[in-house]
Amino acid sequence: MAAAGLLPLPAAPQAKVTFEDVAVLLSQEEWARLGPAQRGLYRHVMMETYGNVVSLGLPGSKPVVISQLERGEDPWVLDGQGTELSQSLGSDHSECKAKEENQNTDLNVPPLISDEASATLTETPLRKVAEERYKTEPKVCPSPKPIGPQNAHGLNPSVPVARPQTAPSVERPYICIECGKCFGRSSHLLQHQRIHTGEKPYVCHVCGKAFSQSSVLSKHRRIHTGEKPYECNECGKAFRVSSDLAQHHKIHTGEKPHECLECGKAFTQLSHLIQHQRIHTGERPYVCPLCGKAFNHSTVLRSHQRVHTGEKPHGCSECGKTFSVKRTLLQHQRVHTGEKPYTCSECGKAFSDRSVLIQHHNVHTGEKPYECSECGKTFSHRSTLMNHERIHTQEKPYACYECGKAFVQHSHLIQHQRVHTGEKPYVCGECGHAFSARRSLIQHERIHTGEKPFQCTECGKAFSLKATLIVHLRTHTGEKPYECNSCGKAFSQYSVLIQHQRIHTGEKPYECGECGRAFNQHGHLIQHQKVHKKL
């Protein structure tokens, strides 16, 4: 006896499942109605479905739609083009009956789509397309049963119910009246119906998050308990979910079954291949609702959204510093451990971050691949180009919350904030002098070492600071880039221009503590103070 509200189907002999039995072909119009995220989901589901069917060892040539997906083409078909693919699904009752009598092989078919993906489909245009296709092309075996009265649930038990598009490998007598999907157990149907109702009766008592299935709640609880029951026999690494362990095993076996047809790169997971293919297609389906910025992966979007929320869930156990991205925390922890796993093959210099090593390689090659579109200046690092471009745009996105002063680079803001906090974390090992910026410490240490690494190619004179060399070079070139707006006089140094402008403004910021006399230059005040010392 079926449970109330559940509609049993007549038992059917077990049949082989082919890709054609489960494929959903889309027309050009239907494909156009899907958004980027839904197209990505469709690609993922179709490729995974085909992979599961192929794993059963069933014969058959590769479907056209799979070839289209592998080539990165839009997987829609012209009207009538999918007839061959769909004819086995739309046969009449006699053809269905003959097929069922001839095909009684017992196959254990794996699930073609996960519960999460199925839940996502119900909330998307892709589900709507499937529902419309289902309504117009039921693909059922007509029944001669007469129409009888409706039951208490508004259903007529005598009316033939459309079978789902998938040909079940086992008896599935319970059908969903919303979408026509069939199930072997009434409990599975009840779980499925929560997709349509939105009911989530299983609530986590720790964080309050709700789920439609108790099994999903059980997996979620392991986040709070830290339980990882699935352990790798090779290396002992443990996982919360069995599917994660299965994927991890491929690291040891070296298996990479999913290959990119564009560049030949292979991946252990289909999802990684799909993500990689967006590099070639330029697709960025994950859009931030706050600023509109788009990303090619959902995890990158989640990390980005923390910029808006200020959330920093990853904390360092050593110093308590928090980070919005786990990768940044791992890089930071190397400050405490001193680990520098990335070594330059040219000079042997080691780095704590791989991206810094890649940038360092440009020092040896001389490569400067990043060019400014405004002035043509080239840079070895993309981040340096971005900072440079703000000179042209005059953008200063990093503002101090204390005084409102804005900066071009985030590192400059960090250094500036130490003016307010008084923090000077960089200490000289020779004399104990402390500095707020690491660059200032490096420059100071040259006083003790006598190092002057910046040499003039014209006269051979050397300097401890690069900025001093740049100013010196203007002696040879005669360049005077700093011009007074009041009188037009030009200067080779910005500091000299500032001093000169005080002639026009009358500003005298340097005052003598003895007699109160003021001067427009600090050097003039020093000379004046010697008068008091002589007296």
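Using the three backbone atoms N, Cα and C, a Cβ is placed for every residue, glycine included.
Fair warning: this is a prediction, and the values are worked out from it, not measured in the lab.
In Swiss-Prot this protein carries:
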type: DOMAIN; residues: 17-88; note: domain 'KRAB'
type: CROSSLNK; residues: K99; note: SUMO2 cross-link
type: ZN_FING; residues: 174-196; note: zinc finger
type: CROSSLNK; residues: K200; note: SUMO2 cross-link
type: ZN_FING; residues: 202-224; note: zinc finger
type: ZN_FING; residues: 230-252; note: zinc finger
type: ZN_FING; residues: 258-280; note: zinc finger
type: ZN_FING; residues: 286-308; note: zinc finger
type: ZN_FING; residues: 342-364; note: zinc finger
type: ZN_FING; residues: 370-392; note: zinc finger
type: CROSSLNK; residues: K396; note: SUMO2 cross-link
type: ZN_FING; residues: 398-420; note: zinc finger
type: ZN_FING; residues: 426-448; note: zinc finger
type: ZN_FING; residues: 454-476; note: zinc finger
type: ZN_FING; residues: 482-504; note: zinc finger
type: ZN_FING; residues: 510-532; note: zinc finger
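Count of Cβ pairs under 8 Å against the zinc finger (454-476): among 230-252, 258-280, 398-420, 482-504, the largest is for 482-504. Sequence-distant neighbours of the zinc finger (426-448) (same chain, 6+ residues past either end, Cβ-Cβ under 8 Å): 415, 418-419, 464-465. Across the structure, K396 (SUMO2 cross-link) and K200 (SUMO2 cross-link) place their CA atoms 46 angstrom apart. Counting residue by residue with DSSP, the zinc finger (510-532) contains 11 helix, 4 strand, 8 coil.
Sorting the zinc finger (286-308) by DSSP state (H, G, I as helix; E, B as strand; all else coil) yields 11 helix, 4 strand, 8 coil. Here the zinc finger (370-392) sits against the zinc finger (342-364); at least 3 CB pairs are under 8 Å, leaving out pairs fewer than 6 apart in sequence. In this structure, K200 (SUMO2 cross-link) belongs to neither helix nor strand by DSSP; it is coil.
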